[in-house]
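Trainee: Starting off with a structure, shown below.
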Amino acid sequence: MPDPLPLVFDAPRRALPPRHFADLADTERAAAVADLGLPAFRGKQLANQYFGRLISDPSQMTDLPAGVRDQVGAALFPELLEAAREIECDRGETRKVLWRAVDKTTFESVLMRYPDRNTVCISSQAGCGMACPFCATGQGGLKRNLSTAEILEQVRFASAELRDREGGRLSNIVFMGMGEPLANYNRVVAAVRRITASSPHGFGISARSVTVSTVGLAPAIRKLADEKLNVTLAVSLHTPDDELRDTLVPVNNRWKVDEVLDAARYYADLTGRRVSIEYALIRDVNDQPWRADLLGRKLHATLGPLVHVNLIPLNPTPGSEWDASPKPVEREFVRRVRAKGVSCTVRDTRGREIAAACGQLAAQG
């Protein structure tokens with residue numbers, strides 16, 4: 001077991017990225033356009049270009065006069081991110097992008113194509129302060145929070161890439177990249193509102209197709225429920241007992257398993273949405289039959305039918321001595337959880353060979 005890192009809830013104070021059109025709510029966009037001396041309909045045009053046509057470069061917004069393009073480009077569409085590197089695997093069906101921000105901060109997103117859907121896994125922070133010892137992101141520490149626009153640019157880029165390369169459409173968004181989304185709460189919630197708002201106010205993606213993941217910040221889970229966004233909540237539990245979880249998921253020293261599950265139940269009750277429980281299966285660490293039994297009992301008692309367990313075969317990370325559980329152990333774990341009346345499946349792992357799978361993102365390069 002590596003030496004534990006400290007938990008970091010508050011990101012280091014760094015200069016904010018320049019204000020971008022995507023940072024602004026509808027009323028703020030209207031005010032920003034008015035401040036430029038432009039008529040209100042220009043704001044709607046800009047929103048349609050960004051969220052509808054997926055254009056972030058004003059020089060390509062051909063329904064605007066050249067002078068207006070220059071004006072809004074300088075004031076509302078600064079260059080935020082550079083795609084510093086893109087790599088593929090899974091026969092081109094998985095693509096990881098290394099993003100470099102204007103302050104040289106780096107983070108990653110992953111686009112995954114499936115026969116029935118296209119999913120982008122996006123980051124909410126550069127790095128992560130939750131210090132989970134089996135996760136490369138957590139072991140790298142927290143650099144800073146991402147702005148709302150930096151989060152949304154990952155979505156816009158993936159949507160445009162799918163459309164332009166193959167005429168496809170982005171169908172699912174998961175906040176499972178770098179960072180703890182609920183530790184960057186306000187910007188993540190603002191991003192979700194833009195993602196789910198209908199065009200031209202947002203990207204028009206169904207809330208049911210958006211997943212927000214957390215290691216278990218119980219008060220923030222309850223707060224998210226009160227937002228009534230109706231996105232899917234995913235809780236990275238990884239073990240049902242406090243003794244092991246205190247080490248595997250250090251935030252458990254602040255909010256214990258039962259408190260996290262109670263918050264998840266509150267979320268399920270308010271939204272009517274089934275909660276996803278993420279469980280990275282680690283050989284001889286958290287894969288024992290009794291832990292499968294305890295997991296099934298606790299989830300059935302707390303969440304009833306409003307829960308599903310996603311088992312994740314542990315993905316390798318640099319310097320780690322841990323590895324995934326053998327397939328027979330994995331199958332027995334699934335059987336035991338299901339025997340307690342809880343839905344349980346094994347996640348299809350993508351991107352392992354390019355360090356794009358769950359727990360592997362480290363923004364190196």
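Don't overthink the numbers, they just go from 1 along the chain as shown.
The backbone N, Cα and C atoms fix where each Cβ goes, and this holds for glycine too.
Taken from Swiss-Prot, the feature active site, proton acceptor applies to Glu108. According to Swiss-Prot, the active site, S-methylcysteine intermediate annotation covers Cys358, on the basis of sequence analysis. The [4Fe-4S] cluster binding site feature in Swiss-Prot is assigned to Cys128, Cys132, Cys135. The annotation S-adenosyl-L-methionine binding site is assigned in Swiss-Prot to Gly179, Glu180, Ser213, Ser236, Leu237, His238, Asn315 on the grounds of sequence analysis. The domain 'Radical SAM core' annotation in Swiss-Prot covers 114-352.
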Trainee: List the binding-site residues among Cys128, Cys132, Cys135 whose C-alpha is within 10 Å of the C-alpha of Gly179 (S-adenosyl-L-methionine binding site), in sequence order, or say none.
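Mentor: Matched binding-site residues: Cys128, sequence order.
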Trainee: Filter the recorded positions Glu108, Cys128, Cys132, Cys135 down to the ones within 10 angstroms of Glu180 (S-adenosyl-L-methionine binding site), Cα to Cα, kept in sequence order.
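Mentor: Cys128, listed in sequence order.
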Trainee: Which value in Å gives the longest Cα to Cα span across the S-adenosyl-L-methionine site residues Gly179, Glu180, Ser213, Ser236, Leu237, His238, Asn315 as recorded?
Mentor: 19
Trainee: Distance check, please: Cα of Cys132 ([4Fe-4S] cluster binding site) against Cα of Ser213 (S-adenosyl-L-methionine binding site), rounded to an integer number of angstrom.
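Mentor: That separation, Cα to Cα, works out to 14 Å.
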Trainee: Far apart in sequence but close in space: which same-chain residues, 6 or more away, have a Cβ under 8 Å from Ser213 (S-adenosyl-L-methionine binding site)?
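Mentor: Counting only residues 6 or more apart in sequence, the Cβ neighbours of Ser213 (S-adenosyl-L-methionine binding site) under 8 Å are Val174, Phe175, Met176, Pro181, Ala234, Val235, Ser236, Glu278.
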Trainee: Do me a favour and check the Cα-Cα span between His238 (S-adenosyl-L-methionine binding site) and Glu108 (active site, proton acceptor); whole Å is fine.
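Mentor: Counting only the Cα atoms, the answer is 23 Å.
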Trainee: DSSP on Ser236 (S-adenosyl-L-methionine binding site), three-state: which is it?
Mentor: strand
Trainee: Checking the recorded positions Glu108, Cys128, Cys135, which are within 10 Å of Asn315 (S-adenosyl-L-methionine binding site) at the Cα level?
Mentor: Cys135
Trainee: How would DSSP class Cys135 ([4Fe-4S] cluster binding site) in three states?
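Mentor: Reduced to three states, the DSSP call for Cys135 ([4Fe-4S] cluster binding site) is coil.
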